[in-house]
Amino acid sequence: MASAGAQPEYPRERTPSVESTSKEKANVIEGDVELLSKDADDQAHDKANQWYSRARPVILTALAALILGWWISSTVLKATRGRWVVQTFFAWAFIFIIAFRYIPNSVVTRPVSAVWMPIVQEPFYRLPYRTRLAMGWLCLLGIVFGSAFGFPLQPGTNYGDRAINVLGLFVFQFGFWLTSKHRSHVPWPTVIVGLFLQQVIALFVLKTSAGFSIFKWIADLAGDFLNEALVGAAFFFDADTINKHWFFVNTLSSIIFFIAFIQMMYYLGVMQWVIKNFAWFFFKLMNVSGAEAVVAAASPWIGQGESACLVKPYVDLMTESELHLTMTSGFSTIAGSVLAAYINLGVPATNLVTSSVMSIPASMSISKMRIPEMEEPVTRGRVTVDRGIDDKKAPANALHAFSQGAVFGLVVAGQILTNVLTVLSLVALINGLLTWIGRGFGIHQLTLQLVLRYIFYPVTFFIGVPRHEILQVSEFFATKLVANEFAAYTALQTLMTNGPPLSPRAYTICSYGLCGFANLGSLGIQVGVLSALAPSRSKVIAQIALSAMVCGFLSTLQTAGIV
């Protein structure tokens with residue numbers, strides 16, 4: 001108790017110590033320095049952007065002039081004059097891309113719309129739906145029969161073979177319609193346009209010198225580009241090892257290099273631009289959703305799992321029809337990362353590129369016939385490319401992206417190596433067991449491929465394989481489905497090298513028909529990737545996965561029959 005006369009005691013104000021004061025000052029100074037450094041970085045960044053904005057027109061104009069000069073020179077010079085079609089196509093494509101950075105698109109779209117809308121589009125859509133549909137069917141029948149019977153026969157073929165091809169095309173479509181989940185809701189315009197585009201691409205590549213030159217140039221460029229990876233492989237091995245064409249050395253080296261390069265192109269924005277414009281084409285022509293167009297357009301270049309990652313924010317919102325098309329397009333094409341593997345096995349690069357591009361519209365039409373759209377897709381009416389990469393893991397620059405891609409390529413190469421090794425071994429185990437069982441019935445060569453080649457006999461017949469080679473070719477298709485396309489292509493090239501080889505017609509059909517990811521191993525990959533991207537849709541994905549694999553498998557065979 002304080003006495004009455006005592007003054008109340010108030011808490012004394014603490015005098016800050018020298019140590020705490022210095023720490024506070026240090027924190028303040030450090031914060032100020034950090035703010036100043038941020039301001040300096042922002043100012044430097046703004047100055048760099050301003051400099052680039054001023055210099056960009058000059059840089060792009062100089063680049064366009066350089067491309068124009070290269071085109072003139074390469075067209076005039078005798079050594080490069082013969083490839084003028086490819087040079088003209090690519091040179092002027094890049095020039096127009098640069099020009100339209102500054103020229104508004106309306107300069108072209110407005111005059112085209114002024115002619116197209118009143119003369120073509122508006123009168124066409126005033127016609128009844130059934131009339132428009134009948135016109136579409138007539139155009140499709142015209143191009144099918146015209147391409148089948150309007151060109152001279154190739155050596156070793158006759159019009160009977162082509163008639164079987166045409167019949168097979170109709171049998172396939174009837175089968176898809178008959179097994180459709182909603183036959184009354186099949187979007188026939190999408191189906192007709194998809195089949196029509198498949199025929200147009202085949203005619204452009206195989207029946208025109210310009211189309212063949214462009215695709216052959218792309219294929220040769222891909223082969224030459226992928227061979228550059230062998231320089232790096234030679235650093236670790238020797239020239240003799242490279243010349244032996246070992247899968248472990250040559251093929252996996254090319255895959256690692258290619259994936260690293262693609263990752264760098266993604267960082268620079270090149271791949272996004274290519275895929276988005278490629279997807280816009282199918283989006284406009286086939287009336288599919290933006291997500292479907294992006295995935296289907298990207299599948300031949302980056303693969304079945306990676307293509308779905310381009311629309312990662314929307315996968316969990318996809319309808320059943322969209323998910324089915326996503327999987328079908330992945331099964332019906334190959335990825336650019338394994339293009340090197342097939343080329344190194346000896347498969348013509350032109351066949352691989354043409355097959356993948358033709359299978360894009362085919363897979364769309366087949367998938368939409370099998371499972372038509374019954375809901376309203378979220379991305380209908382817009383095309384969006386989103387890689388779905390976390391900002392924390394984003395590369396700092398192009399070289400960093402290349403390095404990250406190389407590590408990812410190593411993972412992919414390891415997956416391919418282990419999958420091929422284990423699947424081939426598993427198939428050998430199953431075949432050994434079947435052979436052991438078969439000997440009890442007096443069958444000494446009972447294998448899984450032997451069983452499936454008889455099941456695939458009618459399918460192989462309808463795509464036009466010569467009669468005496470149907471069983472051989474159907475066995476390659478069985479190997480692809482049970483094991484993978486690597487094993488099938490390896491067996492095909494072994495047969496062509498050691499003999500007796502297939503006829504040119506059978507080899508062409510077989511090389512096209514094997515060009516796709518429709519196999520049991522890829523089925524697990526697709527289900528795993530999409531279920532991870534869309535956990536709430538995992539049940540639906542598992543239910544439609546087998547249907548998508550069969551549709552992708554038959555889509556590739558349909559392409560082979562048309563070719």
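Including glycine, each Cβ sits where the backbone N, Cα and C put it.
Automatic, uncurated: that is what TrEMBL annotation is.
Here TrEMBL flags 10-26 as compositional bias 'Basic and acidic residues'.
The domain 'Concentrative nucleoside transporter N-terminal' feature in TrEMBL is assigned to 167-238.
Positions annotated as domain 'Nucleoside transporter/FeoB GTPase Gate' by TrEMBL: 249-345.
In this model, the domain 'Concentrative nucleoside transporter C-terminal' (352-563) carries an average pLDDT of 84. Here TrEMBL flags 352-563 as domain 'Concentrative nucleoside transporter C-terminal'.
Taken from TrEMBL, the feature region 'Disordered' applies to 1-26.
The feature transmembrane segment is assigned by TrEMBL to 58-77 (among others).
The annotation transmembrane segment is assigned in TrEMBL to 84-103 (among others). For the transmembrane segment (84-103), the list of distant contacts is 57, 60-61, 63-64, 67-68, 70-71, 74-75, 209-210, 213-214, 217: same-chain residues at least six beyond its ends, Cβ to Cβ under 8 Å.
Summarising the annotation, TrEMBL assigns transmembrane segment to 133-151 (among others).
Residues annotated as transmembrane segment in TrEMBL: 163-180 (among others).
Non-local neighbours of the transmembrane segment (186-206) in the same chain are 132-133, 136-137, 139-140, 143-144, 147, 173, 177, 180, 212, 215, 285-288, 350, 354, 357-359, 361-362, 364-366, 368-369, 372-373, 558-559, 562-563; each lies 6+ residues outside the stretch with a CB under 8 Å from one of its CB atoms. The annotation transmembrane segment is assigned in TrEMBL to 186-206 (among others).
Taken from TrEMBL, the feature transmembrane segment covers 246-266 (among others). Taking Cβ pairs closer than 8 Å, the transmembrane segment (246-266) reaches residues 225-230, 232-233, 237, 272, 301-302, 336-341, 344-345, 387, 395, 398-399, 401-406, 408-410, 412-413, 416-417, 420 in its own chain, all 6 or more past its ends.
Taken from TrEMBL, the feature transmembrane segment covers 278-302 (among others).
As annotated by TrEMBL, transmembrane segment applies to 323-343 (among others). Long-range contacts of the transmembrane segment (323-343) within the same chain: residues 222-223, 226, 229, 247, 251, 254-255, 258-259, 262, 288, 291-292, 295-296, 299-308, 315, 349, 352-353, 355-356, 359-360, 362-364, 366-368, 370-371, 409, 412, 416, 485-486, 489, 515-518, 522, 526, 530, 534, 537, 540-541, 544-545, 547-549, 551-553, 555-556, each at least 6 residues beyond the stretch ends and with a Cβ under 8 Å from a Cβ of the stretch.
Within the chain, the transmembrane segment (407-434) has long-range Cβ neighbours (under 8 A, six or more residues past its boundaries) at 247-248, 252, 255-260, 263, 337-338, 341, 446-449, 451, 482-484, 486-487, 521. Residues or ranges marked as transmembrane segment by TrEMBL: 407-434 (among others).
Residues or ranges marked as transmembrane segment in TrEMBL: 446-465 (among others).
Same-chain residues lying 6+ beyond the ends of the transmembrane segment (506-533) with a Cβ under 8 Å from its Cβ atoms: 303-305, 308-309, 312, 315-316, 323, 326-327, 330-335, 342, 347-348, 351-352, 354-356, 359, 419, 423, 463-466, 469, 472-473, 476-477, 480-485, 488-489, 492, 496, 541-542, 545-546, 548-550, 552-553, 555-557, 559-561, 563. The transmembrane segment feature in TrEMBL is assigned to 506-533 (among others).
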- Query: For the transmembrane segment (278-302), what are the same-chain contacts with Cβ under 8 Å, counting residues 6+ beyond its ends?
  - Reply: 187, 189-190, 193-194, 197, 262, 271, 308, 310-311, 314-315, 318, 322, 325-326, 329-330, 332-337, 356-357, 359-361, 363-365, 368, 377-385
